[in-house]
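Taken verbatim from TrEMBL:
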BINDING   H202, H255, H328, H531  Fe cation binding site
Amino acid sequence: MALLRPPKRLSWYLPLQLRLCLSTSASTRAELFKSVPEQPIPVEGTVKGCVPDWVNGKLIRNGPGQFEFGDMKYNHYFDGQALLHSFTIQSGKVTYTSKFLQSDTYKRNMAANRIVVSEFGTLGVPDPCQTIFQRFRSYFSSLTDPSHDMSDNCMVNVYPAGDKYIAATETDFVHVISPETLESEERIQLSKHVAVNTATAHPHWEPDGTVYNFGFSSGGYTLIKIPPSQHHVMDKASVLCNVPPKNRLRPGYNHSFGATENYLIFLEQPFQMDISNILRNKILNKGVLAKDFFMWDDNTQVRFYVVEKNTGKVLDTKFVTSPCLVLHHINAYEDNGHIVLDVCAHKDGSAYFTLDVDDLNADARSHHNQFIVKPKRFVLPIGLLDSTDGGNLVSLDYTTATAELQSDGSIMCKPEIISDRDFELPRINYDQYNGKPYQFAYGMSGTFEGLVKADLKTKKSLFWAEDGCNVSEPVFVGKPGCSQEDEGVILSAVLQYEENKPPFLLVLDAQSFTELSRVEFPGIQMHRDVHGIFVPAKN
């Protein structure tokens with residue numbers, strides 16, 4: 001069995017959002033992965049060009065903004081403490097604010113002036129004098145409370161849940177935040193409301209406010225449903241289904257999942273969590289998510305699980321494909337007895353063992369060869385299995401993706417590449433086209449020096465880039481009353497490598513993918529963020 005472990009000093013965490021800064025030589029570029037001060041007082045930016053007057057609301061972004069406490073420093077990009085920032089757009093003007101999420105983890109670190117709670121790649125020091133016997137006691141406490149000493153540093157994403165907005169990471173905790181003030185209004189422990197120990201930072205939400213999410217529990221892979229509530233956001237939360245992993249000691253990792261009108265789709269992947277090492281290292285006080293907890297098994301196929309939204313029933317058909325790693329799903333939809341599933345697929349997990357903060361701030365050009373991601377389309381023929389004599393089960397005429405019955409009864413799905421340019425951190429016109437047939441996707445290039453618009457019908461792309469710029473995830477904002485899928489703007493927070501050049505909010509016309517305006521913020525230090533959301537103005 002071929003297993004891939006991370007290099008000894010590098011951390012495990014995968015979300016790919018992070019090989020961001022790799023286009024300018026080390027001698028000329030500023031560090032982008034660093035601590036920055038918060039900016040609680042709104043600052044108005046300098047507009048160059050014209051921000052369309054119909055764009056009114058807040059672009060709220062989340063990501064790590066502080067890496068040092070006292071003499072201790074976080075090792076990993078996803079260890080940094082959550083810094084929320086927002087661009088408030090109104091009548092063609094833009095103001096900027098940022099605030100650190102007042103998580104328990106952040107407050108404990110600040111009070112102790114050291115890293116107290118362990119993160120993905122850094123060991124915390126809750127009590128330097130703790131004995132081995134106290135570590136055992138802590139370990140057994142964790143058996144009855146899986147969130148014991150788990151971080152609530154929710155620095156990955158922001159998403160809506162009913163009329164609330166949630167800051168999230170991939171632990172047992174989320175924070176309800178105010179989009180107006182960026183303050184944490186409530187810290188929620190998910191396991192106290194629904195039988196799940198962790199949940200992704202990439203749920204799906206529907207127009208009525210219902211949220212679906214994927215997580216892990218003692219039952220294995222767990223899908224949860226959170227209908228809107230007039231009282232507490234988690235009042236009506238319930239488990240939709242549990243699916244036991246193929247190997248309970250090495251379940252596959254998932255960062256996101258797909259959703260259509262009637263189905264949820266998640267993958268069991270070769271990037272696996274080593275549960276035995278997790279328990280062993282917990283006793284030895286090496287943290288909850290240490291660097292050697294994850295492995296890549298290139299002898300394990302990817303399995304697609306398809307779950308009915310209404311009933312929680314898992315379809316019996318075993319859909320599989322060759323080993324790959326999917327972190328972000330682009331979109332999924334149903335078409336004539338098929339599920340069409342578009343994803344950003346990596347060849348393996350190797351690139352995600354190289355997210356050490358110091359490495360990211362060094363000249364990392366050599367890592368480009370490891371960072372290979374392809375936008376791919378898989379087609380799962382869920383309704384045609386009894387109507388074929390063999391061969392390709394896919395009958396859609398617009399795709400070259402195939403699905404063939406194997407001797408063991410499984411369906412081998414082979415994808416097609418759907419763009420002439422690689423991209424990651426994909427976004428779509430989510431409000432109108434999530435779970436439906438669509439044409440356009442937006443993302444960041446593999447080196448994150450530019451933005452991509454992919455036409456998934458023609459497989460051609462448009463590209464925006466500017467020398468010395470480091471872009472963030474592109475967020476689509478549709479024009480009110482629009483009749484075309486790509487009628488709107490793209491928003492992206494852009495950092496510049498040269499220290500004397502200010503960060504700016506980039507506004508692109510989503511159709512032509514040309515610059516409409518940029519709003520610069522001289523003298524403001526912005527952090528390298530991860531994910532976020534646009535919150536329309538209430539009026």
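Note: Cβ is positioned from N, Cα and C throughout, glycine not excepted.
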Local Cβ density at H328 (Fe cation binding site) - other Cβ atoms counted within 10 Å: 23
Cβ atoms near H255 (Fe cation binding site) (within 10 Å, other residues, all chains): 22
Lowest local Cβ density (other Cβ within 10 Å) among binding-site residues: H202, H531: H202
